[in-house]
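First up is the structure itself, then whatever we jot down about it.
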Amino acid sequence: MKVAVLGAAGGIGQALALLLKTQLPAGSHLSLYDIAPVTPGVAVDLSHIPTAVEIKGFAGEDPTPALVGADVVLISAGVARKPGMDRSDLFNINAGIVRNLIEKVAATCPTALVGIITNPVNTTVAIAAEVMKKAGVYDKNRLFGITTLDVIRSETFIAELKGLNVADVKVNVIGGHSGVTILPLLSQVEGVTFTDEEVASLTTRIQNAGTEVVEAKAGGGSATLSMGQAACRFGLSLVRGLQGEANIVECAYVDGGSEHAEFFAQPVLLGKNGIEKVLPYGEVSAFEANARDSMLDTLKGDIKLGVDFVK
């Protein structure tokens with residue numbers, strides 16, 4: 001099993017690489033790529049950790065050597081948010097980065113499962129899909145926008161609010177991966193009831209949690225460590241699915257035939273072909289139905305931005 005991390009010298013990439021080095025199955029290969037010259041050194045640093053995961057780092061303009069034979073590609077390359085920016089401000093820089101990297105993925109490892117972390121995810125996933133369509137290699141079951149950070153934040157904040165063991169909290173988050181498009185389905189959390197006020201405040205906190213971190217870091221970065229953990233959780237789920245493990249379900253932003261938008265985050269069953277099945281997200285409350293319906297114009301606009309960028 002070979003996993004490639006593109007953008008591996010950045011804050012998310014280094015955290016993700018560290019977690020993968022310690023958690024990938026024995027015998028796996030971990031390939032790190034970044035434009036930054038430090039990247040081979042990051043790999044050397046991580047290679048001193050005593051796990052049976054081979055690691056190699058590549059720097060420079062061309063990610064191809066890192067991508068050869070990759071089963072899973074996780075893309076975190078790009079610029080991070082700073083105070084006052086929202087995820088769409090990142091579009092102007094990150095759109096081109098994702099396009100260029102996906103062109104190389106399409107040419108080098110077209111059947112790999114691709115997980116996109118680079119923001120704005122609502123748009124960068126649409127860019128990736130269009131690039132792969134142009135290259136004639138698009139498989140909607142192999143492309144994912146990683147929204148796991150919204151899920152782990154939801155789990156954490158619910159457990160804190162209700163005094164629960166966080167390991168027992170499971171929550172689906174649907175929609176997209178920015179602002180109002182992030183919709184935690186709090187009405188479905190088992191064994192927990194929320195007041196209307198709690199639902200409103202929790203939903204808003206989850207939607208704005210990225211800004212909470214950006215502001216707390218006072219210009220020194222964005223949510224890199226929690227995103228690294230979220231991306232590792234999702235990446236390991238992709239690997240477990242590829243290895244034939246049953247019942248691996250994660251929420252992800254996918255081209256899943258949603259009635260709501262071309263790309264939509266919802267639970268998916270993972271397997272040897274990536275998405276084995278897009279799962280229904282179930283009954284929602286009136287609050288959630290309203291929030292879902294009112295986000296769709298924003299989400300569709302984000303998607304169109306990506307499609308138009310490639311065309």
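Including glycine, each Cβ sits where the backbone N, Cα and C put it.
Residues or ranges marked as active site, proton acceptor by Swiss-Prot on the basis of sequence analysis: H177. All chains included, 29 other C-beta atoms sit within 10 angstroms of the C-beta of H177 (active site, proton acceptor).
Among the features that Swiss-Prot reports, NAD(+) binding site is placed at G7, A8, A9, G10, G11, I12, G13, D34, N94, I117, T118, N119, M227. Non-local neighbourhood of G13 (NAD(+) binding site): V5, L6, G7, L32, D34, S76, A77, G228, each in the same chain, at least six residues away, with C-beta under 8 Å from its C-beta.
The substrate binding site annotation in Swiss-Prot covers R81, R87, N119, R153 and is backed by sequence analysis. When secondary structure is read from DSSP and collapsed to three states, R153 (substrate binding site) falls in the helix class. Cβ contacts within 10 Å of R153 (substrate binding site), excluding its own Cβ and spanning all protein chains shown: 24.
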Query raised in the report: Between R81 (substrate binding site) and T118 (NAD(+) binding site), what is the CA-CA distance rounded to a whole number of Å?
Result: 11
Query - Where N94 (NAD(+) binding site) falls in three-state DSSP terms - result: helix
**Report entry** Of the recorded positions listed as N119, R153, H177, the one whose CA lies nearest the CA of A9 (NAD(+) binding site)
**Finding:** N119
Query raised in the report: If you count Cβ atoms within 10 Å of the Cβ of N119 (substrate binding site), leaving out that atom itself, what do you get?
Result: 28
